[in-house]
């Protein structure tokens, strides 16, 4: 039965005379809420302060990340406040964690500016992470609706077009980071690029913190890198590249360096995650307009992505970066020196490479989501990997990935070119064995494939001898909540 005008007036009067009332009673909790296809959905892992009800904590997160403040305000009456309030609609206990809960929250899509990652994140992670009602808070996953995704450009090039440009199919791409990452002169830097590409790699790259320092200014680096690229391409007949890091103090300088990279013939440029979301989107637009690949180094991500109870899960960063429009992003190796539970890494790679995401709790994927024709993003595996792990890398990561062996190329005892050749032969022999039906991931079969290939490749034999006992066996900090897993270093 509908309420009379006087009854509705009394209810509103009671609400707005009450000063401070619980968030759950302010409209930010609705267990019967019917999720709309146009809603932005967020899953938070919440750790309420002692004595705070989980439902109230979830409602507080919904309120503080949408329209609420600490008290009732009359100006709510001047808005469609019932529509614009985020709705916490489900709270589940986290398995094997007595004080943690998964809170599902729905946001009206009109709360966010079209095509603006900065505006989306200003609400979702902007202020709420410092809220006293929760002891810790982590953004675990998001579902971005089709209608909102369509306002973002997605990767400027994508996996398919990148392979067409390189004319390379059915195999991972090979790369390496120049080492040492700081201190080389431009001439020696270019020599490293040439040796690595001549030996069989597809890409060399700058590291995250090489920009324009006194020992080597950016223009000097770009020129020497391009000399190495052009010589290696002419010698091998293959398309080659080196990720030229254009990260700088101002966007004016970033654009200046990017334009110069284009003028001297580079096919790819690189930026760092620490540039910020607006800068990343701006560079993705520039890369699309100028027909360049855009590589993103995830510098800084572990400051908020690694801890299990507070921060942002990296799968969310993967979604945001694919929306922003980068072509490459570092996404973990499983077997290297950096954080990488195998199931979590699978979830990151699915997020970057699939056109539709299904719910997969062991992989940390909580929502179905169509990518609305946004191009796929190429994951990059980098950090403590070597050719002796090739069977594991292909098994865990598949073909659509750039395998970057920095120390695993430049640390080769016979030199950089030999290190690159060892990686190329290891990769091609493993891909061939896989395509012929070999049980290559078997811990006896895979290494034997490499040993057989090394009989006719001295650089591979030297690499296997040097690194055969190297692994990084540490338990991952961020593991799946719905499956018992451990770091897969074997």
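Here, residue 1 is simply the first one shown, and the rest follow in order.
For all residues, glycine too, the Cβ spot is worked out from N, Cα and C.
Annotated in Swiss-Prot:
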{"type": "ACT_SITE", "residues": "179", "note": "active site, proton acceptor"}
{"type": "ACT_SITE", "residues": "297", "note": "active site, proton acceptor"}
{"type": "BINDING", "residues": "127, 177, 181, 298, 330, 382", "note": "substrate binding site"}
{"type": "BINDING", "residues": "205, 207, 208", "note": "Mg(2+) binding site"}
{"type": "MOD_RES", "residues": "205", "note": "N6-carboxylysine"}
{"type": "SITE", "residues": "337", "note": "site 'Transition state stabilizer'"}
Review point. Among the recorded positions 179, 205, 207, 208, 297, which ones place their C-alpha within 10 angstroms of the C-alpha of residue 330 (substrate binding site)?
Key: 297
**Study point:** Residue among the recorded positions 181, 297 whose Cβ has the most other Cβ atoms within 10 Å
**Key:** 297
Check your understanding: Taking residue 208 (Mg(2+) binding site) as the reference, which of 179, 181, 297, 298, 382 (the recorded positions) have a CA within 10 A of its CA?
Key -> 181, 297, 298
Check your understanding: What is the nearest of the recorded positions 179, 205, 207 to residue 298 (substrate binding site), using the Cα of each?
Key -> 207
Review point. CA-CA, which of the recorded positions 205, 207, 297 lies nearest residue 181 (substrate binding site)?
Key: 207
Check your understanding: What subset of the binding-site residues 127, 177, 382 lies within 10 angstroms of residue 205 (Mg(2+) binding site), using C-alpha positions?
Key -> 177
Revision key, fill the gap. Listed recorded positions 127, 207, 297, 382; those within 10 A of residue 179 (active site, proton acceptor), CA to CA, turn out to be 207
Revision key, fill the gap. Quick note, residue 297 (active site, proton acceptor) and residue 207 (Mg(2+) binding site): C-alpha atoms separated, nearest Å, by 8
Review point. Would you say which of the recorded positions 179, 205, 298, 330 has the most Cβ atoms within 10 Å of its own Cβ?
Key: 205
Exercise for review: Would you mind listing, in sequence order, the residues at least six apart from residue 127 (substrate binding site) in the same chain with a Cβ closer than 8 Å to its Cβ?
Suggested key: 64, 65
**Study point:** Secondary-structure category, per DSSP, in which residue 207 (Mg(2+) binding site) falls
**Key:** coil
Point to revise | Secondary-structure category, per DSSP, in which residue 177 (substrate binding site) falls | key: strand
Revision key, fill the gap. Longest inter-residue Cα distance for the substrate binders 127, 177, 181, 298, 330, 382, rounded to the nearest angstrom, is 37
Check your understanding: Counting only residues 6+ apart in the same chain, whose Cβ is under 8 Å from the Cβ of residue 207 (Mg(2+) binding site)?
Key -> 177, 178, 179, 181, 182, 245, 297, 406
Exercise for review: Tell me, if you would, which residue among 177, 208, 382 (binding-site residues) has the fewest other CB atoms within 10 Å in the structure shown?
Suggested key: 208
Practice item. Starting from the Cβ centroid of 205, 207, 208, the recorded Mg(2+) site, name every other residue in that chain with its Cβ within 8 Å, sequence order please. Key: 177, 178, 181, 206, 209, 210, 243, 245, 270, 297
